[in-house]
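A quick write-up on the structure given underneath.
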Amino acid sequence: MLTRLALTTPRLTRGFAAAAATGGVSKFSLPDLSFAPGALEPFISAQIMEIHHAKHHQTYVNNLNIAIEKLEEAVHKKDAAAVLALNSAINFNYGGHVNHTIFWKNLAPQSQGGGDLQKGALQAALTKQFGSLDSFITNFNGQAAAVQGSGWGWLVYNKTTKSLEIATTSNQDPILGHRVPLLGIDVWEHAYYLQYKNVRPDYLKNIWNVVNWKDVSERYLAASQ
């Protein structure tokens, strides 16, 4: 069955199926925030953070674990069609979990250094690639604001070209392959609507005040080794 899946199943689900066939997949859980929900105010409200983390992210975790249970059953029964049918749910909920896990780490209150990019390898790379930090942010915000419907804006490290790139993804699609996610900004309406209504550019303008550049820099150093 796994030979057939290798020809027809997207890599993410194929990987989970292979793990299920050789001993099962560990269940996922909601990570804790490293700061209080209100610590990012006034830029992101406590109400948004509480709902976003405890409701939206928890739902992705719950649905991913349900999909994995169904996948393990399908693999056990050698039901290739059922495995294929689960791909959409696995991609969406795994992406929702992984993307948000990165997002929470990418944020920090200003009292903990949020919004402050120190001189170093990442600062130098951003300046070389985009001209300046301000130029990068303008470019990033333009692409993220233009995402149709729901999705994400990303700063990624391309391991093939050994360079930084701005990318966008739809819905909860995860960043996979040769691109390593360094910074993800959620542009689903649930990330900002209660505070910014439908004005996504205002949210994008303000969120840089609480970007955890220390975390982004550490991801960059690890990816570019």
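Residue numbers in this text run from 1 along the chain shown.
Including glycine, each Cβ sits where the backbone N, Cα and C put it.
Note: HIS100 (Mn(2+) binding site) has non-local neighbours HIS52, HIS53, HIS56, HIS57, TYR60, ASP186, i.e. same-chain residues 6+ apart with C-beta under 8 A of its own C-beta. TrEMBL lists HIS52, HIS100, ASP186, HIS190 with the feature Mn(2+) binding site.
Per TrEMBL, the feature domain 'Manganese/iron superoxide dismutase N-terminal' maps to 27-108. Residue counts for the domain 'Manganese/iron superoxide dismutase N-terminal' (27-108) under DSSP, split into helix (H, G, I), strand (E, B) and coil, are 60 helix, 1 strand, 21 coil.
Annotation comment: TrEMBL describes 119-219 as domain 'Manganese/iron superoxide dismutase C-terminal'.
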Hey, of the binding-site residues listed (HIS52, HIS190), which one tops the CB count within 10 A?
HIS52
8 Å Cβ shell about HIS52, HIS100, ASP186, HIS190 centroid, Mn(2+) site members excluded:
HIS53, HIS56, HIS57, PHE103, TRP188, ALA191
